[in-house]
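Look at TrEMBL and you will find A:4-183 tagged as domain 'Electron transfer flavoprotein alpha/beta-subunit N-terminal'. Annotation comment: TrEMBL describes A:R208, A:233-234, A:247-251, A:264-271, A:N285 as FAD binding site.
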Amino acid sequence: MAEILVLVDHTDGAVRKPTLELLTLARRLGEPSAVFLGQGADTATEVLGRYGAHKVYVVDAPEVEEFLVTPAVDALTQIAESTSPAAILLPSGPDGKETAARVALRLESGLITDAIDVTADEDGPVTEQSVFAATYQVTAHVTQGVPVITVKPNATAPEPAPVTPAVEKWDVTFGPASAAVKVLSRAPRERSDRPELTEADIVVSGGRGVNGAENFAVIERLADALGAAVGASRAAVDAGWYPHSHQVGQTGTQVSPGLYLAAGISGAIQHRAGMQTSKTIVAVNKDEDAPIFDLADYGVVGDLFKVLPQLVEEIERRRG
Amino acid sequence: MKIVVCVKHVPDATADRTFTEDGNTDRESVDSLLSELDEYAVEQALRVAESGVDADITYLTIGPDDAKDALRKALAMGGDSAVHVSDEDIEGSDAFGTSLVLARAIERHGFDLVVCGMASTDGTMGVVPALLAERLGVPAVTHLDELAIEDGAVTGRREGDSATVRVQGTLPAVVSVTDRSGDARYPSFKGIMAAKKKPLETLDLADLGIAPEQVGRTGARSAVDTAAKRPPRTQGEIVADDGAGGVGLATFLTAKKFI
């Protein structure tokens with residue numbers, strides 16, 4: 001069966017959910033092999049096997065942490081040249097996309113980024129993408145070389161398919177370009193008890209109407225009652241009320257949860273591009289003319305500082 | 001210091017954008033302008049020049065005749081000259097074709113620093129800066145929220161996939177900056193007038209030694225099969241809060257099994 005390379009996204013061996021989604025998608029195309037860069041492969045191997053990785057290629061070299069992107073490009077290119085995979089899947093993010101592009105250039109292959117679905121066709125993988133601020137759905141395929149595809153989080157639900165992976169250690173020869181950009185310091189994203197924005201099934205977001213950093217507690221309380229992640233509009237982030245890592249929109253994170261609840265967000269195109277593929281959308285806004293209501297499956301025209309606390313109270317009451 | 005800023009003339013992102021029959025971005029039906037995300041690149045280049053570095057800023061774009069508008073807009077913000085690569089064989093290029101044309105034009109001009117936006121607002125891939133660096137054989141210090149040029153190196157802060165990192169590369173280098181790097185200035189009236197007199201050079205593929213089949217639809221390594229407009233979302237029930245808006249919302253969420 002054709003081998004599919006999947007680049008693992010992890011922090012010290014803790015594998016992130018989008019990687020499990022990639023393994024799940026890779027099984028539609030062939031037999032997944034995980035490419036693990038850095039430290040912690042021992043921890044990661046079990047979970048990678050549980051989601052169907054027949055092989056785990058481990059590159060435990062300090063360069064991977066010390067330099068930006070290019071060591072991963074060297075590693076993935078060399079593994080691809082020697083294994084001749086039928087496709088290479090990576091997570092969509094600045095690191096994943098840049099790695100993918102450079103690997104594709106070196107392999108003289110085609111590249112598709114930000115796929116929201118990948119299916120198998122006779123001639124290879126077919127991707128689905130959401131474009132023009134999520135107003136169009138595009139299917140495409142790579143026409144040259146090994147298809148290199150980056151996939152957005154939540155493209156599919158991770159499904160286990162346990163195997164015991166064969167672990168192969170790789171010695172990668174790093175070229176001079178791999179040391180081009182030095183990582184001076186690294187601050188891993190703060191982990192909270194809430195689900196991650198890209199992975200959550202429910203997202204509760206606040207915007208300009210929240211009117212202050214301290215008021216985001218109202219958004220957080222509802223998020224916690226629903227087991228949701230917290231999002232913020234660009235206006236709220238630019239105002240310094242909530243960290244940029246929570247920004248939903250064209251230039252922030254693009255989410256597609258089961259439920260998206262927008263509070264005090266008008267719904268500018270910038271924001272809509274990041275959330276309008278959500279399955280159910282709920283809006284709470286004082287302004288009945290806010291464009292967000294055009295997208296909403298349910299909307300409340302009212303004061304979020306009254307509606308949200310009442311909703312939290314009602315959720316708690318219903319749950320007894 | 002020779003700075004080249006890559007800019008793109010794109011269909012207005014706030015308008016209803018669409019595709020042509022052959023699956024390319026339709027550039028006729030919607031007004032085009034300088035990509036908003038490239039304004040941040042222009043701004044950062046101008047700030048480098050204003051920081052006391054002796055800099056010469058050139059804007060570079062690829063596109064049909066009206067792509068010059070993006071160059072004039074950038075020149076109105078500041079900077080010295082512009083290069084417009086225009087050739088009908090470029091139409092339909094993917095990121096590989098685009099980065100090849102840009103790289104050749106940058107090599108021809110010479111550079112110490114290339115500045116790009118984080119992505120275009122139409123293609124949104126965000127890979128051209130990395131591909132440029134790969135082709136030019138220089139560091140890619142990309143996706144920066146903050147940058148400083150000191151002692152022949154560029155240092156910046158990058159929000160990566162799972163961590164915020166401080167990164168550094170030596171010049172010559174390619175950098176890309178995000179929409180958080182600093183608000184872009186508006187062109188002044190004086191700037192707009194001055195822009196009309198700044199030199200603008202037009203090149204074609206032959207000038208850059210690129211064969212037509214290396215770029216355009218022929219050179220593209222991927223193809224669009226279908227492009228379908230998503231059915232617009234339909235508005236559901238919108239209620240005015242009568243004092244029980246939260247309870248009503250809870251009932252909706254319960255029916256949808258979110259509670």
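Every residue, even glycine, has its Cβ placed from backbone N, Cα and C.
Distribution of TrEMBL features across the structure.
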residue : record           : CB count, 10 Å
A:R208  : FAD binding site : 17
A:Q247  : FAD binding site : 27
A:Q250  : FAD binding site : 23
A:I265  : FAD binding site : 32
A:A268  : FAD binding site : 19
A:H271  : FAD binding site : 27
Notebook entry, point to check: Tell me, what is the mean pLDDT of the domain 'Electron transfer flavoprotein alpha/beta-subunit N-terminal' (A:4-183)?
Noted result: 96
Margin query: DSSP secondary structure for A:R208 (FAD binding site), reduced to helix/strand/coil, please.
Written below: helix
Item checked: A:H271 (FAD binding site): secondary structure state under DSSP, collapsed to three categories -> helix
Notebook entry, point to check: What does DSSP say about A:Q247 (FAD binding site): helix, strand or coil?
Noted result: strand
